[in-house]
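Scroll down for the structure; my scribbles are underneath it.
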Amino acid sequence: MIRFITIPDFADYQVILKLMEDYVNKVINDHEPEIIYLVEHSEVYTAGTNYKQEELLNYGDIPVIYTGRGGKFTFHGPGQRVIYPILNLDSPNRYKDLKLYIKMLEEWIINSLNYFGIKAYIIKDKVGIWVKVRKDEFAKIAAIGVRVRKWVTYHGVAINISTDLSKFSGIIPCGLENSLVTSLNQLGIHVEMSEFDKIIQTEFNKIFK
């Protein structure tokens, strides 16, 4: 069974990035076991490899870090559960298929949200996980941005639990102008991070066998 490691407190993004990269190297070179980091970051904007500078609007005192993950700008901060799976897609029980991996991530998060009574969706040509907030109007509740090195995955998924959503106004989230963001709290679902973690671990084991 894959071990989930919860990082305490509000973690510095660059510290966690180095932690991930170091462990990816260990999986590749030393055949270390797969793990999943559960993180709650201190406030930071991060940019993926497809970012456009004009999508960074008004970041104030919040640091901006340019990363190697896929995607564009997003926000990380308190109240958001960030999940970093370090999985070896070139192992006997996996598939060397990045699109399939992302699809499995999406299914995992959708099923976890469904446990709390949230109907979540994938929208064609829009990355991430979405919920309907009004008729024909959707808001993003989870962002996805991954990278693979020698078929070992890192970076991952960020789910808004009780995140300060006003911080997303400093960017065009994921490059989608006029798109809405939401959280479990905003949808009326108040859950402790530890309770949410139990569900994502249970649902993970149903998808990634």
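Cβ atoms here come from the backbone N, Cα and C positions, even for glycine.
According to Swiss-Prot, the domain 'BPL/LPL catalytic' annotation covers 30-209, on the basis of sequence analysis. For the domain 'BPL/LPL catalytic' (30-209), the model's average pLDDT works out to 91.
Of all Cβ atoms in the protein chains displayed, 24 besides its own lie within 10 Å of the Cβ of Gly145 (substrate binding site). DSSP classifies Gly145 (substrate binding site) as strand under the three-state reduction. Annotated substrate binding site per Swiss-Prot: Arg69, Gly70, Gly71, Lys72, Phe73, Thr74, Phe75, His76, Ala143, Ile144, Gly145, Gly156, Val157, Ala158, in sequence order.
Positions annotated as site 'Lowers pKa of active site Cys' by Swiss-Prot: Lys140. Within 10 Å of the C-beta of Lys140 (site 'Lowers pKa of active site Cys') we count 23 further C-beta atoms, all protein chains included.
Per Swiss-Prot, the feature active site, acyl-thioester intermediate maps to Cys174; the stated evidence is sequence analysis.
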Whole-number answer please: how many Å between the C-alpha atoms of Lys140 (site 'Lowers pKa of active site Cys') and Val157 (substrate binding site)? 12
Row Phe75 (substrate binding site), column other C-beta within 10 angstroms, all chains, value 26
